[in-house]
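These notes are about the structure you will find just below.
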Amino acid sequence: MAAATAAAAPQQLSDEELFSQLRRYGLSPGPVTESTRPVYLKKLKKLREEEQQQQQQQQQQQHRAGGRGNKTRNSNNNNTATAMGGRPGSGDLAYLRSPAGLGRLSASAAESPVAGGSGGAAAVPAAGSKVLLGFSSDESDVEASPREQAGGGGGGGARRDRAALQYRGLRAPPAPPAAGEVTGGHPGERRKPHSWWGARRPAGPEPQPPAAGSDGAAEDADEELADGEDRDPEAEEPLWASRAVNGSRLLPYSSCREHYSDSEEEEEEGEEDGDVAPARQVLKDDSLARHRPRRSHSKPFSALTAKSGGSRQETSVQGGGALAMNDRAAAAGSLDRSRNLEEAAAEPGGGGGGGCGCDPVDSIPRYRAGAKKLAPLLSPPSPDGDSTLESPTGPLLKTNNHIGGGAFGVDSPGLYANSLPPGATAAAAPGTLRINHANHTGSNHTYLKTAYGKPKLCEPEEELLQQFKREEVSPTGSFSAHYLSMFLLTAACLFFLILGLTYLGMRGTGVPEDGGLIKNPFDETFGKIQESEKNLLMSTLYKLHDRLAQIAGDHECGSSSQRMLSVQEAAAYLKNLGPEYEDVFNTSLLWIFKNGKDVGIRCVGYGPEEDLTNITDVQFLQSTRPQMPFWCRFRRAFITVTHRLLLLCLGVVLVCVALRYMRYRWTKEEEETRQMYDMVVKIIDVLRSHNEACQETKDLQPYMPLPHVRDSLIQPQDRKKMKKVWDRAVDFLAANESRVRTETRRVGGADFLVWRWIQPSASCDKTLVIPSKVWQGQAFHLDRRNSPPNSLTPCLKIRNMFDPVMEIGDHWHLAIQEAILEKCSDNDGIVHIAVDRNSREGCVYVKCLSPEYAGKAFKALHGSWFDGKLVTVKYLRLDRYHHRFPQALTCNTPLKPANKHMNSLSHLRLRTGLANSQGSS
């Protein structure tokens, strides 16, 4: 009867109740629609039946649990099969993900002897994580709630906490103590805890008051007592004798990575529940679990796994906070925390832990359990379940890559998996961990380097860091790459500067070049001179050339006003050098005059442009190659280059000014043209309105003087500025507007030019009247910045199509639909249009046959002016569209405009015709 009632109850649930019930069972449902509701109801019915079966099995198991404390287990296979509710092999992930595996694992957990302790532990969840249905969900719910993470006050049992992950709210009633169990004395005396520093502590004088979750802790402690008595005797060895193993016992969630959600509400719900950050760890932890099928075979159980498992659960009971067996505490705290815990634990009394010897939770640096910014650095809960995953310090301590509980593995030097004894590589104590012997894998070291060496990043950066791990770029490489271009540019500039300076320095010493020219006289006269006179003549030319070059150089550098040297001064200069030079001076001068080539010395008469015909006409000698010092040449070159650069810049500025002025003139002409057209439209509206008023009131004159129309349209302060626009509008009306006739009338005793509106026929008036709902052109052109390159979905959401406050009547939305169909008249893929009549943003929803048709409609509508409003379009997901408009599921017939006249496009045709007429005129 109860089963029938439970089966029929889901049919009467509302959408909200159905959603909450599925969430209570650990599922992550999507939107409840007509198509998904039957699937969700069937799933809820099945889960309720499994829940009732588990409750019945738990009650039967609790009655048979009387003498379980003295029972022994025969082998490690039985041990691992019962401790975690008969979980499958580590590689059998498909079994964990299936609903059948969920029910069978839960049932086997209820039947195991460990599942029903003296306090009656709750049912163990099979998969250890939520089941994600194959629908698009609005939430990502892969992490327990803060209440469940707190563990009921910080001391909740492991199985109770694991059960809270999936079957929330299920608690079996406590069973009476068994006859074979110890009922007197302190719990610490009965359980005989072995602290991880190796010394047994006496129990405290008084038991600690139980916390909110102490009942579940006591149940797990009783179970561990029975487990500890049946373990191998080697388990009594101290924990530091064992090797620290990098045991990654993590398995991926039962909801595989393909079951993702692309809903926009997913981010909002995920932020409210705090469940987004752990979900991102699924991709990372799948890679950690790939080594498990070949590394988790059962082997003889060692002291390491046996005693560490026992100490871990016992300390979690009495210490008020669980120390995870495979902690990764170094990612959340410093390495010195382990030493602080060890020193504090070595003090007598254990600090109020009820004889446990562990520090209380308050002595540990406080971190928010399950905080979103810490969650990406922590490992997600494994399917086999850890007894301390949901404790208050669980997220803090679960980041230590060593076995032994707490921070034990941090301070144990030289303990690695490659030196473990043969018996230490067995599977962990009853299903609590699976050891991964790959202690030096690259992924693990990368993870630790990320956790230890980097500060906490914001959530988007953490997501990118976890999903796209790559080698860090060294600061030295980035520094050199940053300054490489600057260094190359500086080197190039220095090279050309040095080259130019060297060139300038070489230009200043041109004597050998000139000497080469002198040695080659280019005629036969030089060969007729005797050999003894040749050397003297060459020496005279050299001396004279150097003197003239020095004088010319001093003049160019501004240190001398004399540029040339007279013939008498040249003769006196050579005479001072020696009497032999004076004798050959005339011969040298004659040779220079007759040679006619540029040998560095030029003969000049009384004027610089005077033609010399005789040697007697030569009055001055001038150097054609001034010899200037290096700094003088550099200064002259700098002045020359600066002068030329200034001229170049001036030319560029003049060109820019000319282009700017031309652009200004073009822009001004375009603006004046636009203002002229606007003025024409205003004049026509005034004349049409005046004509309508004349038909209603016969006393009005059927014409209007031009100055009156101008004064009514242009403000007094703008009339001078708008005079040119007004004159162009008047000329345009006179030449191109047939409905306006210009006449001369006497008004008030003076002659005025007036405009008379000529009434057109009724049929023509109807076609020329611009309707209220019209497309008014494109606001901007579509490009990559404002339009996606590919069509995303077949559904569109259009904004600013109307203003619900200004709309009148009951069928105004039909005009909106008709306008969209007319605008997209060449699109045969629109199958559904919905107008949200109450939307303040003027939203219209459009569904097309395919994303290609939606992209075509997007390009036609986005950025257009409609009824004075700028229309914007965005893509909408198909499932959200069907959730909003279920009737659109069956729409597959393309829609066509009902009116063939295309009234909404008449304004565009009118403007196009006006522009064409203006261009032809």
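Each residue, glycine too, has its Cβ placed from N, Cα and C.
Per Swiss-Prot, domain 'LEM' is recorded for 7-51. Taken from Swiss-Prot, the feature phosphoserine applies to Ser28, Ser136, Ser137, Ser140, Ser261, Ser263, Ser287, Ser412, Ser787, Ser921. For 53-62, 72-85, the entry in Swiss-Prot reads compositional bias 'Low complexity'. The compositional bias 'Acidic residues' feature in Swiss-Prot is assigned to 217-237, 263-275. Annotated compositional bias 'Polar residues' per Swiss-Prot: 308-317, in sequence order. Under the heading compositional bias 'Gly residues', Swiss-Prot lists 348-357. What Swiss-Prot records for 486-506, 637-657 is transmembrane segment. Residues annotated as DNA-binding region in Swiss-Prot: 717-736. Taken from Swiss-Prot, the feature phosphothreonine covers Thr893, and the record attributes it to similarity to another entry.
Shown on the structure are the features that Swiss-Prot records.
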residue : record           : Cβ neighbours (10 Å)
Ser28   : phosphoserine    : 24
Ser787  : phosphoserine    : 14
Thr893  : phosphothreonine : 10
Tally of residues which DSSP labels helix, strand or coil - the DNA-binding region (717-736): 16 helix, 0 strand, 4 coil
Secondary-structure category, per DSSP, in which Ser28 (phosphoserine) falls: coil
Rounded distance in angstrom between the Cα atoms of Thr893 (phosphothreonine) and Ser787 (phosphoserine): 27
Pairwise Cα distance for Ser28 (phosphoserine)/Ser787 (phosphoserine) [Å, integer]: 34
